[in-house]
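What TrEMBL says about this protein:
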type	residues	note
TRANSMEM	26-49	transmembrane segment
TRANSMEM	92-115	transmembrane segment
DOMAIN	92-277	domain 'ABC transmembrane type-1'
TRANSMEM	136-163	transmembrane segment
TRANSMEM	217-239	transmembrane segment
TRANSMEM	260-281	transmembrane segment
Amino acid sequence: MTESIAEVLDAPTRARRRLLGRPPSFLLVASFAVVGIILVCAVAGPLIWPHDPTAQDPLLSVQPPGGGHLLGTDQLGRDILSRLIAGTRTAMIGPLCVAVLAVLVGLTLGMTAGFRGGRVDSLIARTTDILYCMPALLIAIVVVGLVSGAYVVTILVLAFLTFPGDVRIFRSVSMVEARLPYIDAARTLGLSPTRTMIRHVLPNIAPTVVSTFLLEFAGALVGFSALAFLGLGVNAGGVDWGTMLADGQEQLFVNPMMSLAPAILLILVAASVTIIGDWIYDRYSLKGER
């Protein structure tokens, strides 16, 4: 009897993790390429940017692409391409911190609510429902504006406004797992709820966790850029794609790349991360397909 229970207990974690029989699409390959390039720029930025991103030259103000400046220059004569590369580090760190915090809090509360049920589930579910209904962007603008746009505060505010959605996602998948036979087997073997959640439930919902993390990263990237576009959430003198987008508005017809380049990068990175997250869920989901 004990042997059969152990087999049931371990069965979900031995489920197949494979592609769904389809070769990688062009969009998927392109998405990995975009993310790879961005990561290289974030890590090795000073080694690859063609000019000092902070160096100013009034004589080269708002120059079109060419003349040693592949994407032209901004109002202060700074090289746009170099500033785009320098901005990748800021663009990655902030959203990464937001996604990590939101997923950690959401996963802890969501698994606890979905697995334990009862009053604990009701309390967590009702609280997160209230938080989820709050106008996130408006609150972020007000709070970040009140604290003079501190970078760390922006991370905390965006994470706080993001985690309620994660709680709902992880609560749902945990409730599904809690009804499966291997959970009953774990209880029969005397495993504690915490050990069952960490050792058995968490690996089985890992595809959902990873895909949610990547989606939150993409959302936080857009959120950070939106706040930076409004002049919030970025340290003074810092290089940020949202700030570059705002700075290029007035020169849109002189050098469109001042605004178009950071806008295109934002769209490409956010879309690429989302596509990769969706692919990870499809490939590694224990159910094989959605």
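For all residues, glycine too, the Cβ spot is worked out from N, Cα and C.
Looking at 92-115, 136-163, 217-239, 260-281, the range that has the most CB pairs within less than 8 A of the transmembrane segment (26-49) turns out to be 260-281. Taking Cβ pairs closer than 8 Å, the transmembrane segment (217-239) reaches residues 53-54, 83, 86-87, 90-91, 94-96, 98-99, 102, 137, 140-141, 144-145, 149-151, 154, 158, 162, 245-246, 262, 266, 269-271, 273-274, 277 in its own chain, all 6 or more past its ends. A contact between the transmembrane segment (136-163) and the transmembrane segment (92-115) is present, since 3 or more of their C-beta pairs, 6 or more residues apart, lie under 8 Å.
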